[in-house]
Amino acid sequence: QLTASPFLRIGQLSNVDLNEDIHELETELPRQHPNEIPHNEKLLSLKYESLDYDNSENQLFLEEERRINHTAFRTVEIKRWVICAMIGILTGLVACFIDIVVENLAGLKYRVVKGNIDKFTEKGGLSFSLLLWATLNASVVMVGSVIVAFIEPVAAGSGIPQIKCYLNGVKIPHVVRLKTLAIKVCGVILSVVGGLAVGKEGPMIHSGAVIAAGISQGRSTSLKRDFKIFEYFRRDTEKRDFVSAGAAAGVSAAFGAPVGGVLFSLEEGASFWNQFLTWRIFFASMISTFTLNSVLSVYHGNAWDLSSPGLINFGRFDTEKMGYTIQEIPIFIFMGVVGGILGALFNALNYWLTMFRIRYIHRPCLQVVEAMLVAAVTATVGFVMIYCSRDCQPIQGSTVAYPLQLFCADGEYNSMATAFFNTPEKSVVNLFHDPPGSYNPMTLGMFTLVYFFLACWTYGLTVSAGVFIPSLLIGAAWGRLFGISLSYLTKGSIWADPGKYALMGAAAQLGGIVRMTLSLTVIMMEATGNVTYGFPIMLVLMTAKIVGDYFVEGLYDMHIQLQSVPFLHWEAPVTSHSLTAREVMSAPVTCLRRIERVGTVVDILSDTSSNHNGFPVVESNPDTSQVAGLRGLILRSQLIVLLKHKVFVERANLSLVQRRLKLKDFRDAYPRFPPIQSIHVSQDERECMIDLSEFMNPSPYTVPQEASLPRVFKLFRALGLRHLVVVDNRNEVVGMVTRKDLARYRLGKEGLEELSLAQT
C-alpha cells in the first residue's frame, strides 16, 4: 500500500505522521523536528517483518524427519506436483473469468455509447454522449476504487512489487489473503471496463500468487476452514516456493507464455532457486496456459481449436513478409534508446506523482475521488480527440469491433476511435496488424502524447490495474509512427512495415518502464509466436534497460523503494567492503537462558519498545566463571506457542517431564500467531520455569564480528535467513544482524549511504 510512507520532501526531509491534518503540517514545517533527517529522502519502514526461509532444526523437527521413511517422502513429492497442477488450473480459470466478464461488460458499454453517439451525430447535441460516456466510466471506476480503498488497500496497483517483496523474503501484511484475491479480481474487471488506461495482465501475477499460497496450505484462515491436507507445507520455506510457481502461472495465463512465466519468476521474483523447482514451476505455467486455452475455446464455440493461449494474444506475425535486414539493426537500437528515455521520463513523472499521493491523498475517500476524476478525464480526452480527429478510413476490409462514423462519409469510420474506443488489448493488436495506411501519422502522434500522460497518471491510483498493456500501447503507437515516417523517408521501401516497428516500439517502451530483459524477450516472442524477432527484441530491450537505468530505476523497484520496504538486492553495495559485522549489527541483544523463568519470557515478549522476533539462547549456569556461550536461537512465534500450551513446570521439581508438544502444534498456529497480549499467564505461573532446549534451533548461523559486510550479506541473502547471530572469539553473543540492518546500506549518487529507520 503506497499511502503509508512518511516521505515529505521539503528542503530537508521531515518525518511527519501522515494522519495529521494538512493545515497542521503547514504550521509545523518551519520548526525543526526532533526527528529531522537531513538530506535523506530514503527511509526504511519497520512495519515489515521478514519471512524465515531457513528451517528451525530443533529436536522436534529432527525427530519428525527421522520418523518419515522413504515412501512418505515420495508422497510429499507427489503432493507437490498435485499442488502445482491445482495452482495452474485455478489460475487459468480465474484468468478466464476476468477475460469473459471484461469482454461482455466492455462490449455492453461500447454498444450503448456507440448507439448514443450515432443517434446524436445526426440531430446534434453530442455533449450528451460525452456526459453519458464519462458518467459510465466514472461510476464503474468508483465501485472498483471503493472496494480497494475501503476493504483491502493491498490490492491496489499491479501487485508485482508486492509479490517481488514477498519472494524476496519480506512479509507484506495481507498480500496473499483470499480477500485480497477477491478484491483484486473484481477491481481489475471494473477498472478495465471503466475505460482507464490499464491492463488486466499485471494483476494476474498477484492472483496466481494468492491462489498458490492458499492451496499449498490446505486451509483458509479467512474462511476458518481447515481441510487437514498438505500440513507438511505449513512453513515459509515451502509456501514461498509455491508462491513463485503461482506468479509464473499468472504470467503464463496473461500472455500465453509458459517459458516467459518461468523466466519472470526467476528474474523478478524468486530469490532461491533449484532445478526441481524450475521444472515444477514450468509444469504449473503450462497447465495454466492449457486451462485458459481450453476454456476460452469452448466459450468461443470451437471446442477443439486451442487458439487463444493467453489473455492477450498479439496475433501471429508472418515471417515471409516481415523479415528484417542487417541495416535495420541500428534502427532497432535507436528505438531502444528512445524507449529507454521515454520510460525514464514515465518513471520520473510517476515518482513525483506518487510522492504527492503519499503526502496528500492518503484518505480512502480522497483516493476514490481521484480515481473517478481520472476516469472522467480519460473519457473526456478520448471523446475530444475522436471529435477533433478528421482521420477517416474506409470500413471495407477493416477489423474494427466498434467503428464510429461521426463526421466521416458513409462507409468510412474514424480511425482515432479504434485507438480510444476499445479495450487497450484490442488497440495494441490493431496497431500491430492493421495494414499500412490505416492510421494518419497525426492521429498516432496525438494519441501517443495523450495516452502517455494518461497512463502515467493512472498507475498508482487506488484501483487494481497493470501497467503492461498501457506501456505496450504507447510503444506500439510511437513505433508505428516511426515505421510510417521511415517508409515515407525511404520512398516506400518494402522493409519499413509499420507493424514490425510497432512491435519493436512496444518492446522498447515496456522495457524502458519496467526494465525486465530476459523474461520480456521470451514473453514477446511467445505472444507473437515468432522466433525470428528474438534477436531484435533482445537488442531493443537491452538498449532500453541500459539507457533507462542511466536516469532512474525501473517502475517496480521505484515503488518498492517508495514503500520503504527492506528489500535485499542480489549483491551487497559495491563499495561496502570497509564495513564489518560489528558496525552493521543491532546491539545489545535480548538473550534468554536455556532454562528461563516464565515471567521473564512474558515480560520480554510484552515489551513494546523492542519487538524482536528472534532471541539467542545462552547457557544458564549460575556459576559466573563460565562463559555464557551461545546455545541456540528461538523465535517469538515458538515462545508464544509454548506459553499458549503452558509448557512449563514449577521451580521445585525441574526433573519432571514437561508436556510434550508436537511440531503439528507449531504448524497449526502458522501463519497468524496470536499476539502476546491475548495469552493470559497467572501470577503463580510466572514463577514456573520453562526449558527451551528441545524447541530452540541448536545450530543457528553465526558470523564473527570481523566479517565484512559483503560476506555477511552473501550468507544472509543466499540462505534466506531472518536472524544472523554475531559472536566474538569466545562464542558470546555480541549482536544480531537482521534484514533491516543489511537493507539500510544502499549505493547513492555520492557512494554508500545509510538509510534511517522510521516507525511508520
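Any Cβ shown, glycine's included, is placed from N, Cα and C.
Features as listed in TrEMBL:
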- 81-102: transmembrane segment (TRANSMEM)
- 130-151: transmembrane segment (TRANSMEM)
- 181-198: transmembrane segment (TRANSMEM)
- 242-264: transmembrane segment (TRANSMEM)
- 276-299: transmembrane segment (TRANSMEM)
- 331-353: transmembrane segment (TRANSMEM)
- 368-388: transmembrane segment (TRANSMEM)
- 442-461: transmembrane segment (TRANSMEM)
- 467-489: transmembrane segment (TRANSMEM)
- 501-525: transmembrane segment (TRANSMEM)
- 531-552: transmembrane segment (TRANSMEM)
- 696-754: domain 'CBS' (DOMAIN)
Response to the item:
Relative to the transmembrane segment (368-388), the stretch among 181-198, 242-264, 531-552 with the most Cβ pairs under 8 Å is 181-198
Worksheet item: Under an 8 Å Cβ to Cβ limit, what residues of the same chain, 6 or more beyond the ends of the transmembrane segment (276-299), are close to it?
Response: 80-81, 84-85, 87-89, 91-93, 95-96, 99-100, 208, 212, 241, 244-246, 248-253, 256-259, 261-262, 265-266, 270, 305-311
Worksheet item: In the same chain, which residue numbers or ranges, 6 or more beyond the ends of the transmembrane segment (242-264), come under 8 angstroms Cβ to Cβ?
Response: 83-84, 87-88, 91-92, 94-95, 163, 166-167, 176, 200-202, 204-213, 215-216, 233, 270, 277-278, 280-282, 284-289, 291-293, 308-313, 468, 516, 518-520, 522-523, 526-527
Worksheet entry | Positions whose Cβ lies under 8 angstroms from the transmembrane segment (181-198), at least six residues beyond its ends | 94, 97-98, 101-102, 105-106, 109, 133, 137-138, 140-141, 143-145, 147-148, 151-152, 155, 159, 206-207, 210-211, 214, 374-375, 378-379, 382, 423-424, 451, 454-455, 458-459, 461, 463-467, 469-470, 473
Practice prompt. Select the range from 81-102, 442-461, 467-489, 501-525 that forms the most Cβ-Cβ pairs under 8 Å with the transmembrane segment (531-552).
Written response: 501-525
Discussion item. Can you tell me which parts of the same chain pack against the transmembrane segment (81-102), counting only residues 6+ beyond its ends and a CB-CB cutoff under 8 A?
Written reply: 181, 185, 188-189, 192-193, 200, 204, 207-208, 211-212, 215-216, 230, 233, 242, 245-246, 249-250, 253-254, 280-281, 283-293, 295-296, 299, 311, 423
Item to complete: Kindly say whether the transmembrane segment (501-525) and the transmembrane segment (442-461) touch, using the definition of 3 or more Cβ pairs under 8 Å where each pair is 6 or more positions apart.
Response: no
Fill in: Tally of residues which DSSP labels helix, strand or coil - the domain 'CBS' (696-754)
16 helix, 20 strand, 23 coil
Response to the item:
Other same-chain positions with a Cβ less than 8 Å from the transmembrane segment (467-489) and lying at least 6 residues past its termini are 158, 197-202, 254, 312, 331, 335, 338-339, 342-343, 346, 419, 424-425, 427-428, 431-432, 436, 439, 441, 444-445, 447-448, 451-452, 454-455, 458-459, 496-510, 513-514, 555
Fill in: Segment confidence, the domain 'CBS' (696-754), expressed as mean pLDDT
86
